[in-house]
Amino acid sequence: MESNLSGLVPAAGLVPALPPTVTLGLTAAYTALYALLFFSVYAQLWLVLLYGHKRLSYQTVFLALCLLWAALRTTLFSFYFRDTPRANRLGPLPFWLLYCCPVCLQFFTLTLMNLYFVQVVFKAKAKRRPEMSRGLLAVRGAFVGASLLFLLVNVLCAVLSRQRQAQPWVLLLVRVLVSDSLFVICALSLAACLCLVARRAPSTSIYLEAKGTSVCQAAAIGGAMVLLYASRACYNLAALALAPRSRLDAFDYDWYNVSDQADLVNDLGNKGYLVFGLILFVWELLPTTLLVGFFRVHRPPQDLSTSRILNGQVFGSRSYFFDRAGHCEDEGCSWEHSRSESTSMSGSLGSGSWYGAIGREPGWGGASQTRTTPLLFSQVPGPGSHHHSLYSTPQT
């Protein structure tokens, strides 16, 4: 590697871009940020067990991916305290785990975000169009296929790069084109899902609020993810197109594979290391932190007086994420229907009559009968009717 560097850059004119103390401080700051995120996600996973949430859900899968991602990034930056040369001479598997796998994990979190909002949209439409359930399976298969393609391309490029079996320019071109194109496609699909969620706000808001968020919060987080991931992909594609083939290591366009730049730290100074850290903060740490906050574990509602009744089931005003997937199958019309029935029931009870009591005869006691039939007898019970108490919504 030293011969390659000597042919590219003359060693006589090189001076450190940053003092050693600043470099050490940057390394400590990077490591501390990723370690803090690691312990935060680790605590969230323990809260899942403590609160008795579902162990396999969108939330737990996302948190597990973020935990692995933060652990790999923390391990990578820990090398830069004293053992930078060792980090640059890793075998194919450790090289891929530390440098390439975190990007794959980030793409998986983006597809997971897409799948969640696609599920929200499909569940809102499934009430009137039951065949939409088959479309949801097709969309899930498409995102799984995209994830596998992303993983396969990155693994092959990492192995070929370490074994020197292909030209570096060809490997970079293939990886950047495939990976960043998939990032852009997933970002655009996320934007489309957010538009559909916003258009169907009355029906989708019930599902989102039952999971501990709202349409505005989901749109804000999703919009930020679209901007961050799309800008990252555009940056990589533009920098690769503008970089000359004879000087692949001139700038940190390949920022998610820092091994192309890490072996230049001692020779070119630390300017590239500073740029790499800033880019990782904006395009890796920031979006992951936002998503961790979005998928955070909520405490189950304790006070039933602040809960709402929806189709015979109790929902807190801030119930937790992704733990009751079947609660809001019937949004929209069912919610409005149950709310109108609850209003009628409360009006009948508030008039002084016992729930289910038969109205008095007209003219009884000199007063005219103006009340309507109580709610209990407003509908003819079907063969599948259930007993309804004051705390359950009538099932139709």
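Quick reminder: no glycine exception, Cβ is built from N, Cα and C everywhere.
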Are Leu26 and Arg82, as annotated in Swiss-Prot, on matching sides of the membrane?
yes
Structural state census, the topological domain 'Cytoplasmic' (53-60) (DSSP three-state)
3 helix, 0 strand, 5 coil
Same-chain residues at least 6 beyond the ends of the transmembrane segment (90-110) with CB under 8 Å of its CB atoms are 62, 65-66, 68-69, 72-73, 75-76, 147, 150-151, 154-155, 157-159, 162-163, 179, 182-183, 186-187, 190, 225, 229, 256-259, 284, 287-288, 291
